[in-house]
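Visitor: Below are the features listed in Swiss-Prot for this protein:
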{"type": "DOMAIN", "residues": "6-233", "note": "domain 'ABC transporter'"}
{"type": "BINDING", "residues": "G38, A39, S40, G41, C42, G43, K44, T45", "note": "ATP binding site"}
Amino acid sequence: MSTLEIRGLGVTYEGASTAALEGVDLQIESGEFVVALGASGCGKTTLLNCLAGFIDPTAGCARLNGEPIAGPGAERGVVFQKYALMPWLNVIDNVALGLRFQGVGRARRREIARETLALVGLDQHADARVYALSGGMQQRVGIARALASDPQVLLMDEPMGALDALTRETMQELVLDVWGRTRKTIFFITHSVEEALFLATRLVLMTPGPGRIAESHELPFARQFLASRDARAVKSSPEFIQWRERLVRRLHGEPHTAREVALS
């Protein structure tokens, strides 16, 4: 079980006139797929970096299972937008790298790495050099590396942002498949409305200046996809389209319509 608890969290960078985050309250329960949606500059990455332990908040706190987050830890895996792979290593050694630093023996870490590569559909590419892979395949390696340590929580920092549209759709389906199989707790950030709607079991909408959580909504679309395996049908449903229109308006600062209030 893993519960992330964020209370009154704020971050003000040195020399900044406005806080990057202020008064953020959020609780993420075990097995949830929570997506933070917002425009650039609303503090999404700052919030994720606090959860990863890369930066310390200047106010409030973040806890995992009741323990304050103070620095990076193996219980929190991170997937970056830029793949952050080691080009001189092959695929399996990239995936096993974190296990090596944890003192896991070579045979066991390679066994775990192969199992994790199979989870993301790359078991046939274990010996390939990462620079020879496409962007989508490199990001699969990044996801496998984050999963190899069996973290309680997976933190994903706009991992599809650098991919072309078709590859991005494929990766979204892969990430949902991995979540469906592992039921890892996932915190995922994006500025794509459609991506947020498709992936999230719960969506939090962030607003800038300073960054705050403005809204939180439970969504059915991730589970609909896992039940049907038909992404096109999910994304073309009237309910999905209504939500997309609603969130686009909210990101542009427009008030709720009467129809949207009824949808809530």
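In case you wondered, yes, glycine gets a Cβ from its N, Cα and C as well.
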Visitor: When you tally the Cβ atoms that lie within 10 Å of each candidate's Cβ, which of the binding-site residues (S40, T45) has the highest tally?
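Guide: For the binding-site residues S40, T45, the Cβ with the most other Cβ atoms within 10 Å is T45.
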Visitor: Compile a sequence-ordered list of residues in the same chain as G41 (ATP binding site), six or more apart from it, whose Cβ lies below 8 A from its Cβ; state 'none' when nothing qualifies.
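Guide: Non-local contacts for G41 (ATP binding site): P208, G209.
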Visitor: What residues, ordered by sequence, lie under 8 A Cβ-to-Cβ from G43 (ATP binding site) and sit at least six positions away in the same chain?
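Guide: Result: V11, A20, L21, V24, M206, P208, P210, G211, R212.
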Visitor: Minimum Cβ neighbour count within 10 Å among the binding-site residues A39, C42: which residue?
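Guide: With the binding-site residues A39, C42, fewest surrounding Cβ atoms within 10 Å: A39.
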Visitor: What does DSSP assign C42 (ATP binding site), in three states?
Guide: coil
Visitor: 10 Å Cβ neighbour count around K44 (ATP binding site)?
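Guide: Other Cβ atoms found within 10 Å: 25.
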Visitor: Long-range same-chain neighbours of G38 (ATP binding site), Cβ under 8 Å, sequence gap at least 6?
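Guide: For G38 (ATP binding site), the qualifying residues are K44, H191, L205, M206, T207, P208, G211, L251.
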